[in-house]
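Participant: Positions annotated as transmembrane segment by TrEMBL: 12-38, 59-79, 99-125, 137-161. What TrEMBL lists as domain 'V-ATPase proteolipid subunit C-like' is 21-79, 102-161.
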Amino acid sequence: MSSADSLSLCPTYAPALGFGGAMIALVMACVGSAYGTGKAAMGISTIGVEQPDIVMKNIIPVVMAGVLGIYGLIIAVIISNQIVGVVGNAVGYSLFTGFAHLGAGLCCGMSGLAAGVAIGVAGDAGVRAVAKQGKMYVGMVLILIFAEALGLYGLIIGLIMTSKNSEVCGAGPVE
């Protein structure tokens with residue numbers, strides 16, 4: 001491979017794309033997790049004043065929102081462990097791998113954010129509905145499961161995307 005090919009396929013900024021993907025995955029998933037937790041907790045606090053005995057039963061939206069942050073953490077750790085800096089006098093991390101990791105971070109982070117919003121809104125309304133009519137509990141849980149699945153889809157695709165590595169720079173991911 002010529003020097004010009006090496007610079008175009010393995011630029012010095014390629015690792016920044018990977019680090020950006022790791023950051024986006026973690027930050028956006030945690031923002032979604034925090035929003036979902038806060039929004040659902042407002043509903044739980046509201047019903048807890050009148051009916052404290054059903055608070056623990058209705059804590060499910062908070063737990064489900066918390067899991068979203070873990071999805072972002074998983075992708076961020078995987079990406080960070082695969083980033084290779086300078087090996088000898090050459091960059092050991094390709095542009096292809098950098099964009100794959102950026103895409104994985106965006107996929108996981110943005111789906112985690114969307115799932116957090118969905119869980120927060122559905123959880124808030126759901127716990128308030130359960131406080132008025134106990135039979136709404138199963139319906140609330142099903143809605144929350146489908147909202148959580150949005151984040152899980154992002155995690156799965158993110159994991160697939162992090163496995164896409166290019167060995168063109170001569171140094172693969174650190175094993």
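Using the three backbone atoms N, Cα and C, a Cβ is placed for every residue, glycine included.
Automatic prediction, not curation, is the source of TrEMBL annotations.
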Participant: Most CB pairs under 8 Å with the transmembrane segment (137-161): which of 12-38, 59-79, 99-125?
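Facilitator: Per the Cβ under 8 Å count, 99-125.
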Participant: Residues of the same chain, at least six outside the transmembrane segment (99-125), with any C-beta under 8 angstroms of its C-beta?
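Facilitator: Contacts with the transmembrane segment (99-125): 17-18, 20-40, 42-43, 60-62, 64-65, 68-69, 71-72, 75-76, 79, 82-83, 140, 143-144, 147-151, 153-155, 157-159, 161-162, 164-165.
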Participant: What else in the chain is close to the transmembrane segment (59-79), if you only count residues 6 or more beyond its ends and a Cβ gap under 8 Å?
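Facilitator: Apart from its flanks, the transmembrane segment (59-79) reaches 18-19, 21-23, 25-30, 32-37, 40-41, 43-44, 101, 104-105, 108-109, 112, 115-116, 119-120, 122-124, 126-127, 140-141, 144, 147-148, 151-152, 154-155, 158-159, 162.
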Participant: Short question: which residues 6 or more past the ends of the transmembrane segment (12-38) have a Cβ under 8 Å from it?
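Facilitator: Distant Cβ neighbours of the transmembrane segment (12-38) are 61-62, 64-69, 71-73, 75-77, 79-80, 82-85, 91, 93-95, 97-99, 101-106, 108-110, 112-120, 123, 151, 158.
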Participant: When the domain 'V-ATPase proteolipid subunit C-like' (102-161) is classified with DSSP, how many of its residues are helical, how many are strand and how many are coil?
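Facilitator: Tallying H, G and I as helix, E and B as strand, the rest coil: 59 helix, 0 strand, 1 coil.
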